[in-house]
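Shown next, in structure tokens, is the structure this report addresses.
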Amino acid sequence: MQGQSLPLRVATLLTGLLECLGFAGVLFGWASLVFVFKTEHFFEELREPNARLMGNATGLDAQDERFSLIFTLASFMNNFMTFPAGYIFDRFKTTVARLIAIFLYTSATLTIAFISADSAVLLFLAMPMLTVGGILFLITNLQIGNLFGKHRSTIITMYNGAFDSSSAVFLIIKLLYEQGISLRASFIFISVCSAWHVGRTFLLMPRGHIPYPLPPNYSYGLCSGDGPREEEKKTAESQKLELSEKFLSPKEEIPRPGQQQQEARSLWSYVFSRRFAWHLVWLSVIQLWHYLFIGTLNSLLSNLASGDRVLVSTYTNAFAITQFFGVLCAPWNGLLMDRLKCKYQEEARRTGSSASAAALRSTVPSLVLTSVLCLGFALCASIPVLPLQYATFTLQVINRSFLYGGNAAFLTLAFPSEHFGKLFGLVMALSAVVSLLQFPIFTLIKGPLQSDPFYVNVILVLVTLLTFVHPFLVYRECCQKESPPGVA
């Protein structure tokens, strides 16, 4: 790393972290914002006259259903749009992707700033736009890890953690609202921050992509003097170098004919593989739990607190505060995998077994731990005891911070890098389709089950046990590859 560019790279890293922390994943602080929306009488017309006076459950549920539907749509777009957002980033490069993100994000925050209870239906447009803009912010910032070589994985997981922690922004808006700062003033301030995003786009980010490994004397930003073509040439050369270094261990530098054919497999051969299918199940089930919990948290707390608004506000604040610590939890997963990867690959060098299988085996403890955390979180969330929800909040934020970092790390190690962007976008898009189940589940609980989620929770906990199949199959596959040293 050149000494002259170090301050620029550190500035890019810190401002990127601040951008993800303050803007990228604010949707997941939805419970705090719903509290404010209800105070502002959004969708209150859905409540029957008796419900407003007596707290009738049917009227309250109709209002909660509308908020749940908005969150379902927005969270669906959060995942489903990862694939086209990744394509935009790959095809049109960083500057164009970020300008699109800024346009969507600013349009959304201005819409929220100027809507009222009479125009609350505009939330169906604003929240998905806010979400897609935030995803593009995250995608364009993840490449910053390439600037720091051996710390790349830690920085990427830290950025994912910052994305999770940004849900605390809606808590800040809620607290300011309770101190007399209007919702409009808060969102106008967020809109004005778009000037900062624009400045960062042109001063601290590349016009193209940051390559990995980083070529010597690499420069970026407004003063770099590199044209798009030169940047693309550097990126292409570094990608070739990355492929040759990443997928060939010291003892596999000369591939065998069968191995050469295997590495040339098409994208669809990986998409329809058992490894990808079970990873999709693992991600979809755990993610469904999180989306269902966040989307229905306000309704859950209202039921457990018997409609006590002060108590609901206290627990909503506690949930949002725990979300802030996602940025501290996420790097531990990356550090665990990095340590195990070094250990297993060192053993592979000594025994002459497959280095790629050893690297893949390093993901198994992370996959198991994430499933265990989800099971604990699901069990706590299923027990209708209000004080126990503090434990639920803690397990939820740790599990969620492990989930997305572990997902990206697994795809990096389990599949060729030339397919990473497409597979990452595809697995997120397919898991988004599964996440749509949260709204019919919510409707089922509030309708036929009469607000008793016991049977639904039992079924979902049993489905959660399926997530343990994925790490078991990965471990068995690694053992089969490592046992006979010559077998791929």
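Any Cβ shown, glycine's included, is placed from N, Cα and C.
Automatic prediction, not curation, is the source of TrEMBL annotations.
Annotation source TrEMBL lists transmembrane segment at 12-37, 67-89, 96-115, 121-144, 276-294, 314-337, 358-385, 397-416, 423-442, 454-475.
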Check your understanding: Taking 12-37, 121-144, 314-337 as candidates, which has the most Cβ pairs under 8 Å with the transmembrane segment (397-416)?
Key -> 314-337
Point to revise | Closest-packing stretch to the transmembrane segment (12-37), where packing means Cβ pairs under 8 Å, from 67-89, 121-144, 314-337, 358-385 | key: 121-144
Exercise for review: Could you tell me what the rest of the chain brings near the transmembrane segment (121-144), counting residues at least six beyond its ends with Cβ under 8 Å?
Suggested key: 12-13, 16, 19-20, 23-27, 37, 42, 70-71, 73-75, 77-78, 81-82, 85-86, 88-89, 94, 97-98, 100-109, 111-112, 115, 155-156, 159-160, 163, 166, 197, 205, 209-210, 212
Point to revise | Chain residues in Cβ proximity to the transmembrane segment (314-337) (below 8 Å; excluding those fewer than six residues from its ends, i.e. six or more beyond) | key: 21, 28-29, 31-32, 35, 153-154, 156-158, 160-165, 167-168, 170-171, 174-175, 297-298, 301, 305, 362-363, 365-366, 369-370, 386, 389-390, 393-394, 396-398, 400-402, 404-406, 409
Review point. Hey, which bits of the same chain come close to the transmembrane segment (423-442), Cβ under 8 Å, at least six residues off its ends?
Key: 64-65, 68-69, 72, 75-87, 267, 270-271, 276, 279-280, 283-285, 287-288, 291-292, 295-296, 299, 407-408, 411, 415, 456
